[in-house]
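Visitor: Pasting a structure below so you can have a look.
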Amino acid sequence: MKFFVVAALFAGALAAPTELEARTYPVVLCPEGLYANPVCADVDVLGILCLNAVSPSEAPRDANHFREICAKIGKQARCAVLPVLNQAVLCNKPVGITN
């Protein structure tokens, strides 16, 4: 009985991982589907059109970082359906941004 307990503890200690891998998950800024394109835009006209929309200059880590990237160039962070010729059709706020 004592041998079983000691053997089980020893086996449990050996089975424990020595190093844990850091897990990274993709950042979800814009919902999948239609509004999947993150853009920085000057003006959001009632969620229908975003004027002077450009792609972020770097890959955002999260929603606040996305907002900061766009704010550096004087624009607003938005998710768009179809960015064409610096205009984006159907825009909304990214997930996690309140203003």
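Keep in mind that glycine also has a Cβ here, set from the backbone N, Cα and C atoms.
Among the features that Swiss-Prot reports, signal peptide is placed at 1-15. Taken from Swiss-Prot, the feature disulfide bond covers Cys30-Cys79, Cys40-Cys70.
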Visitor: Relative to the Cβ of Cys70 (disulfide bond), which residues of the same chain, six or more apart in sequence, are found under 8 Å away?
Guide: Cys40, Ala41, Pro56, Gln76, Ala77
Visitor: What is the number of other Cβ atoms found within 10 Å of the Cβ of Cys40 (disulfide bond)?
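Guide: By my count, 24.
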Visitor: In terms of DSSP three-state secondary structure, what is the assignment for Cys79 (disulfide bond)?
Guide: strand
Visitor: Is Cys70 (disulfide bond) helix, strand or coil when read with DSSP?
Guide: helix
Visitor: Name the secondary structure element type, per DSSP in three states, that contains Cys30 (disulfide bond).
Guide: coil
Visitor: With Cβ-Cβ distance below 8 Å and at least 6 positions apart along the chain, what are the contacts of Cys79 (disulfide bond)? List them in sequence order.
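Guide: Spatial neighbours, sequence-distant, of Cys79 (disulfide bond): Leu29, Cys30, Pro31, Tyr35, Ala36, Asn37, Pro38, Val39, Cys91, Asn92, Lys93, Pro94.
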